[in-house]
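A short write-up of the structure that comes next.
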Amino acid sequence: MNHLRAKDWAALKPPLLRFLDACHADFAAETGGNVADYIPELGKADPDHFGISLATLDGHVYEVGDSRIPFTIQSMSKPFVFALALDTLGAARVENAIGVEPSGDPFNSIRLNADNHPFNPMVNAGAITCSGLIREAKGDGAFEYIRSALGRFAGRELGVDEAVFTSESTTGDRNRAIGYLLRTNSVLKEDVSKVLEVYFRQCAILVTARDIAVMAATLANRGKNPVTGEQVMTPYAISRTLSVMTSSGMYDYAGEWIYRVGIPAKSGVGGGILAALPARLGLGSYSPKLDSHGNSVRGIGVCEALSAHYDLHMLNRSDDARNSIIADYNIGKSPSRRSRRPHERHILATHHQAVRIIELVGPLTFSNVDYISRQLAAKPRPQFVIFDLRRVAAMTRAGVRLLAEEFQELAAFNVTVILSGVRRSSADWKLIKEQAKGLTNLRDFYLLDTAIEWAEDQVVYRHGGAIDFHETTGLSEQPLLAGLSASEIEEIAALGAMRSYRSGERIVAAGDPSTSLFFLVSGVVHVSLPDGVRLATLTAGTAFGEMALLETYRTADVLADMSATALEIPLDAFERYREKHPRVGERIMRNLAQLLAERLIVANTKVDLLTAP
Ligand code: GLN
């Protein structure tokens, strides 16, 4: 076999990047449209410039062509300043000042709605009102406040094109007209010229296609910048911003756009287009030639092609909630890894339906939790339900709300709910606790096996069993020595020495040579892999380190869970005894084979549970 070299890996190109490359090549041939020149400085843009960038929600940024050429953000600032206004002044104040209905008018229309308010924040009248609101809150610091917020969306500090600002400021009488109209209707409370200075400056903020992609991805990610990890705005402000982008982002082309492309978007006369597909991606494109609506011709082409090729229309979705349960079983099928004494085993076998374990995978959404609740209802009610969330990638608010309601339902029937696989320090845990406030039947253990063990213990208690940390008097209970006579057992015991261990002490270390085996006489120990996975919890009456009979090196750690005593028998003495007593030796090896077979059956059941269709 040839080994792949680093160079061969590098040759592997993500198909999405290949697609963007192809788009760039295709649409570069498109030369229709005109560079905006009503702001004279914009007329100087190079019509050939063409950059595309796509940011994913795991923070990867694809770039093709002139993705690092700076240009002015123009109207693409509108959604961000609207979100900023919502978070800064509160939704009520902003929503009272600006409507959310599409106007069907061009961006610069000098028209207000029937209440003499702007139609929406995506047309100039609404955007100028947003800038005015920020000025109300921040005074002369308004522009810097906006610039720094947009920088958080982009993940870097953004500059300003002074020439474009001056150019628009000296020619922007139409926007001034809108400003005075707003002021005479008391929508704008601030000095019109000062508000317009903020607005013109925010439009002259310099961005690249890459910046726009990251900004869009932040919108698509509930306001959390996927590259920096910063929560830039509240999810409320973001979802309302995406709403107005959906209905009005492309001005008098908005209806057509959302019908055909189905991705919330915003364009700017500088030649940029920003598209944010919630939960998926952010796209930024730059090409200065515009169509009659003021939207970049190539940018529109790229968005249409992306949406069509990958079928990304946001209203063309489906989901199958049935994939959310990866395993659903009870302790009869897969008990905890704790060794149990005969009376405990008996109780647990009789009441194996008392503990139900549901292992979940993927996101916990409204549909997934609803499906899970119906699976629970379909079988006899257990006394304990363990939800294992270790493979749950994310939780939606709706999912957690429904889950908390399910806990409530279970509580009403005295069913104890146990969560595993979620850390108390995690955001998910916080969300669950918030929703499940006041619930007393909720327990949690990070490790699933610990959760199962705890539930089993409760079942044993409830049915009159005791889990005493009993001491064995000799080795007669040891399964490894089953079938041996009392005197043979005594001879074997005489080969070893009694040892005591403190709670937490490591008795056996993985990787060490195997030189002895142990019979646990009192206390509890656990066997775990070096990475922390707990393989078994052992109580008095069981052996450990017995793999020494087969393996030269220890394969796992053994640690004392509480103070414990064990009889340690050196391997060489044991081997000498076996040689002298071949019949006893054979019996012990058969017992060992039996124990290993039992472990294999348990392990196979686990594998089966997780891989069954
Ligand atoms: N600054 C520009 C204006 O107000 C922004 C317009 C746009 O990008 N559509 O005219």
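Including glycine, each Cβ sits where the backbone N, Cα and C put it.
Per TrEMBL, substrate binding site is recorded for Ser75, Asn124, Glu168, Asn175, Tyr199, Tyr251, Val269. For Asn124 (substrate binding site), the same-chain residues lying six or more positions away in sequence with a CB closer than 8 A to its CB are Ser75, Phe107, Asn108, Ser109, Asn175, Ile178. Under the three-state DSSP scheme, Asn124 (substrate binding site) falls in the helix class.
When pLDDT values are averaged over the domain 'STAS' (345-423), the model yields 94. What TrEMBL lists as domain 'STAS' is 345-423.
Feature annotation from TrEMBL assigns domain 'Cyclic nucleotide-binding' to 480-595.
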Residues satisfying Cβ distance under 8 Å from Val269 (substrate binding site), sequence separation of at least 6: Ala36, Tyr38, Ile39, Leu42, Gln74, Ser75, Phe107, Leu290, Gly294
Proximal but sequence-remote residues of the same chain as Tyr199 (substrate binding site) (Cβ under 8 Å, at least 6 apart): Ala127, Ile128, Ser131, Asn175
Contacting binding-site residues, sequence order - Tyr199, Tyr251, Val269 vs ligand 1, Cβ under 6 Å: Val269
For Tyr251 (substrate binding site): intrachain residues, at least 6 apart, with Cβ closer than 8 Å: Ser103, Asp105, Pro106, Phe107, Met122, Val123, Ser267, His293, Gly294, Asn295
Local Cβ density at Ser75 (substrate binding site) - other Cβ atoms counted within 10 Å: 25
Fewest other Cβ within 10 angstroms of its own Cβ, chosen from the binding-site residues Glu168, Asn175: Asn175
